[in-house]
Structure formats: C-alpha cells, structure tokens
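A quick write-up on the structure given underneath.
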Amino acid sequence: MSSLSSVVQGLDGITSRLADLADNPDIPYERLVISLSAVTTIWELYVSSRQMKCYSIPLPPPELQHHLKKETYDKAQAYGKDKLTFNVRQTMFNFVLGVVVIKTRLLPHAWDWTASFMDLVGLDQSRVITHSLLWITATSLVSVIPNLFWTYHFTFVIEEKHGFNKTTKKLWITDQIKTFAIAIVLGLPFLAGFLKVIEMAGKNFVPWLMLFMISVQLILQIIYPIFIQPLFNKLTPLPEGDVRQRVEKLANKLQFPLKHLYVIDGSKRSSHSNAYFYGLPWSKQIVLYDTLLDQNTPPEVEAVLAHELGHWKFWHPARLLLIAQSNLLWTLGLFAVFIHNKSLFASFGFDPRLAVGSPVGGPQPILIGFTLYQLLFEPLDTFVKFFINSKTRKYEYQADQFAMGLGHAKDLGAALIKLHIENLSSPHSDKLFSKYHHSHPTLPERLRAMNEYKGGDWLSKNQSSKVEEIKAKEKKEL
Ligand SMILES: [Zn+2]
C-alpha cells in the first residue's frame with residue numbers, strides 16, 4: 001500500500017512541476033494553436049493532393065484489371081474525385097472557421113452572453129456546471145450549423161449524383177432532429193457527470209474520471225442497440241434459409257456465442273453494404289445489411305462473416321478498446337497538468353481568474369479549461385490516427401487469413417471485389433493517403449496479401465501462375 005501511495009505522490013509531484021512550467025504568460029498559446037492547426041491542415045491537403053493524382057490514372061491496377069469494366073472503373077474514379085474534392089473544401093473551411101472563432105474571441109464572449117442569459121432567466125451564476133452546459137451548447141452551434149450544410153450537400157449532391165443516396169429529404173431531416181435530441185438527452189447529462197466527477201474528486205481526479213468514462217461506455221454498449229439504434233433502423237431476424245443455416249453452422253463451429261442474427265434495413269438510406277457483430281462476451285448479435293444479402297451469394301455472405309468472426313477470434317475489438325482506454329488515460333492525465341493554467345485562459349481572452357474559479361466565487365469552470373486543452377492537443381490526433389489505422393489494417397489482414405484458413409478464400413475474394421465495385425471504392429490509392437485515412441487496407445492491397453498467403457486457392461486461372469511462383473519460392477526457402 002505504501003509503495004502505491006508513493007507512486008501517487010511521485011506522479012503528483014511531476015504533475016504540479018509540469019503545471020508550473022506550462023503556466024507561463026510568455027507562452028503564446030493562442031498563436032501556438034493556430035500554427036499547429038495550420039500545419040495539420042497543410043499536411044492533410046498535401047496527403048489529399050497525392051491521392052488526387054490517382055484519379056487521373058487511365059487504367060485499373062493489375063489486381064483489378066480482370067474484374068473492373070471500363071465503365072465501372074471510370075465511375076469509381078469520378079466518385080472518388082468528387083468525394084476528395086468535397087473533403088478538401090471541408091478541411092479548408094474548418095481551418096478558417098477555427099481561426100475566426102479564436103480571433104473574434106467568440107469563446108469568452110459566449111461565456112459572458114450565457115452568464116447574462118442566466119441572469120435573465122433567474123439562474124444563479126454560481127451554478128458553474130449549468131453555465132458550462134449552456135456555454136458549450138451555444139458555442140457548438142458554430143460548428144453544428146455549417147456541418148448540417150456539408151452533410152446535406154454530401155448526401156443530396158455527391159451521393160445522389162453517383163447513385164448511392166436512397167434517403168428522402170424528409171427522412172434526412174428527421175434523422176438530424178433525432179441526432180440533435182440524442183446529443184441533448186445523453187450528451188448533456190454525460191458532460192455534467194464528467195464535470196461533477198472532476199469537481200468532487202479534486203486534485204487526483206484522473207482515476208475517478210477513468211472509472212466514470214468506462215462505466216459510461218459500458219452503459220452505452222447496453223442501451224445503444226435497445227434504445228438508440230431502433231430510432232434510425234429496423235432490425236429483423238434473418239429468415240430461415242441457406243444464409244441463416246450457413247451463419248449458424250459457422251458460429252457453432254467457432255463456438256461464437258451467437259444469440260441473435262439480424263438483417264438491418266441499410267438500403268433505406270444508402271446502397272453501401274456491410275456486416276458487423278456486437279454484444280457482451282457471452283451473448284453476441286450479428287447484423288447483416290440487406291444490401292449485402294442482395295448483392296452476394298450465400299457462400300459469399302458466409303465468407304464475409306468468417307472474416308468478421310476472425311476479428312472476434314483474434315480479440316480485435318478488445319484490443320482496440322484497450323488502445324482507446326490508454327489513449328483516454330494519458331489524455332486525462334495530461335489535462336491534470338493544464339486544468340488550472342491561467343496563461344492558457346488569458347491567451348484565449350478569458351479572465352485568468354476563471355482558471356482557479358475566483359471571479360464569482362463558485363467552483364472553477366472546468367469545461368473551459370478542457371476545451372482549450374483539447375484545442376492545444378488536437379494536432380496530436382494525427383499521430384494517434386496513424387497508429388490506430390496501422391493496427392486495424394493489420395487486423396484486417398489477419399481476419400482475411402482466418403477466413404481463408406476456413407476454406408472461404410475464393411468466396412471472400414469474390415465478395416470483396418463485389419463490395420468494392422458496388423461501393424465504387426477507389427481503384428488506386430496513394431500509399432501515404434491510405435495509411436493516414438484508411439482503417440482498412442485497399443482492395444488491391446488485400447488481394448495482393450491473399451495472394452501471398454500460402455493457403456490461397458482463390459485465384460482465378462489467369463493468375464494461378466503466381467501461385468506456382470510463390471509455391472516454388474516457398475520450396476526453395478524450406
Ligand atoms: Zn474486417
């Protein structure tokens with residue numbers, strides 16, 4: 001016990017020393033945030049410009065040459081180019097918006113405005129958590145409103161143009177209202193709890209906050225399929241038949257605790273297709289998109305499921321959860337360094353006394369500090385994104401190999417190619433763009449990996465010479 005308390009004391013000492021160093025009026029926090037945001041934006045534009053070049057390549061990559069008709073290839077190239085152009089515009093817009101918000105001092109102004117509003121409706125200003133919730137709701141409108149226009153444009157112009165959009169305007173509007181209502185009903189109480197835990201735990205808030213966050217995630221896992229998903233989609237049990245038999249047999253063989261097998265009406269909104277599983281360790285649900293069932297033969301659906309169950313067999317979701325929790329832990333730990341940083345508050349135009357909670361005599365508005373802290377460390381997400389993508393990409397190869405090992409190589413290859421064609425995924429990908437943006441390897445990358453994997457018997461005849469080559473090489477190596 002004494003060694004644990006000395007560790008805590010040690011961490012405490014480090015935190016307060018770092019906090020002293022970071023609370024320095026000479027550090028130009030505001031300029032730092034704008035510069036880092038500019039660097040991130042330039043980086044994103046650079047990566048996009050590399051990918052943009054891929055859309056002028058006239059022919060598909062060799063792995064896809066036999067599968068893509070000229071017409072499909074051209075369509076996929078046009079779709080990719082439109083989507084990327086859209087992303088580039090959005091990235092630039094967000095950068096400008098961020099600078100405008102900081103430079104006009106909108107954040108501190110909104111703090112004062114919401115204080116006046118509280119006066120007006122007779123709320124006591126010392127209720128810092130209520131004030132914080134009003135403030136965050138008001139300031140998030142600055143990004144939520146333009147975002148509505150972007151999403152609208154993406155759905156009804158870009159997806160529509162390429163034939164993917166199945167949403168009606170009425171459905172789209174109801175979706176937005178529901179999303180907004182969920183953000184209010186779940187988001188605000190969560191945030192209030194988050195702030196309350198820090199307020200109550202005081203200096204050593206990190207372990208308590210971790211405990212709180214993990215409990216919230218667990219609760220969400222349970223309530224999402226019961227209360228939230230039905231607001232948007234309908235899940236119906238997969239009817240008896242070939243596909244059901246195959247999936248049940250596969251789950252049985254792998255001892256996957258399959259409780260329910262559903263079809264989701266994904267086609268209501270879009271013709272993109274997918275499959276996934278979720279649930280507690282002892283009781284799992286598998287969900288198949290109706291589009292997946294329409295576009296694939298039963299053996300191909302089974303192969304896609306074998307891939308998904310490969311993720312389960314290798315503990316991929318649990319591993320990703322662990323990575324997410326460690327990310328959360330160090331983020332919160334570092335926040336402890338900045339929570340009372342007066343220079344950070346002052347640099348963004350806030351009264352520095354707010355950093356210790358003095359002007360109105362109430363507790364400190366922790367949310368302001370957390371928002372500024374997030375602004376400062378947002379660029380680090382770039383690295384986190386690289387790291388997590390490198391993990392998930394590795395997991396995809398592993399799951400593919402798992403399905404191949406179960407004898408689904410040929411059907412998996414066929415299903416992946418179909419999926420790629422139906423989704424008009426980009427045939428060419430720039431390496432850096434792909435590593436940065438894609439959680440999944442591209443189809444040519446996956447086909448190449450499957451090709452190299454020794455169990456590969458899925459290849460079409462015209463490519464089988466490659467298998468011979470690989471086999472010969474293996475013999476030599478042995
Ligand atoms: Zn996968």
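Just so it is clear, glycine is given a Cβ too, placed from its N, Cα and C backbone atoms.
The shown structure was predicted, so the numbers you read here are calculated from the model rather than taken from an experiment.
Annotation comment: TrEMBL describes 55-234 as domain 'CAAX prenyl protease 1 N-terminal'. Note on the domain 'CAAX prenyl protease 1 N-terminal' (55-234): mean pLDDT across this stretch is 91.
Same-chain residues lying 6+ beyond the ends of the transmembrane segment (133-158) with a Cβ under 8 Å from its Cβ atoms: 82-83, 86, 90, 93-94, 97, 101, 106-107, 110-111, 113-114, 117-118, 165, 167, 169, 172, 176, 180, 184, 188, 191-192, 365, 367-368, 371. Look at TrEMBL and you will find 133-158 (among others) tagged as transmembrane segment.
Sequence-distant neighbours of the transmembrane segment (179-199) (same chain, 6+ residues past either end, Cβ-Cβ under 8 Å): 128-129, 132-133, 136-137, 144, 205, 208-209, 212-213, 216, 228, 231, 339, 363-364, 366-367. Per TrEMBL, the feature transmembrane segment maps to 179-199 (among others).
Marked as transmembrane segment by TrEMBL: 205-227 (among others).
Feature annotation from TrEMBL assigns domain 'Peptidase M48' to 238-452.
Residues or ranges marked as Zn(2+) binding site in TrEMBL: His307, His311, Glu396. In the three-state DSSP reading, His307 (Zn(2+) binding site) counts as helix.
Under a cutoff of 8 A between CB atoms, and with a sequence separation of 6+ in the same chain, the neighbours of Glu308 (active site) are Ala275, Tyr276, Phe277, Ile286, Ala399. Look at TrEMBL and you will find Glu308 tagged as active site.
Cβ neighbours within 10 Å of Asp400 (active site, proton donor), excluding its own Cβ and spanning all shown chains: 25. Following the DSSP three-state reduction, the secondary structure of Asp400 (active site, proton donor) is helix. Feature annotation from TrEMBL assigns active site, proton donor to Asp400.
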Beyond His307, His311, Glu396, what residues of that chain have CB atoms within 8 A of the centre of the Zn(2+) site's CB atoms? Glu308, Gly310, His316, Tyr395, Gln398, Ala399, Asp400, Phe402, Ala403
Beyond a gap of at least 6 residues from its ends, the CB atoms lying under 8 Å from the transmembrane segment (205-227) belong to 190, 193-194, 197-198, 278-280, 285, 325, 328-329, 332-333, 336
The rounded CA-CA distance in Å from His311 (Zn(2+) binding site) to Asp400 (active site, proton donor) is 9
Pick from His307, His311: which of these binding-site residues has the biggest number of other Cβ atoms within 10 Å of its Cβ? His307
Show which residues of the chain containing Glu396 (Zn(2+) binding site), separated from it by at least 6 in sequence, have their CB under 8 Å from its CB. His440, Pro441, Arg446
Roughly how many angstrom lie between the C-alpha atoms of Asp400 (active site, proton donor) and His307 (Zn(2+) binding site)? 6
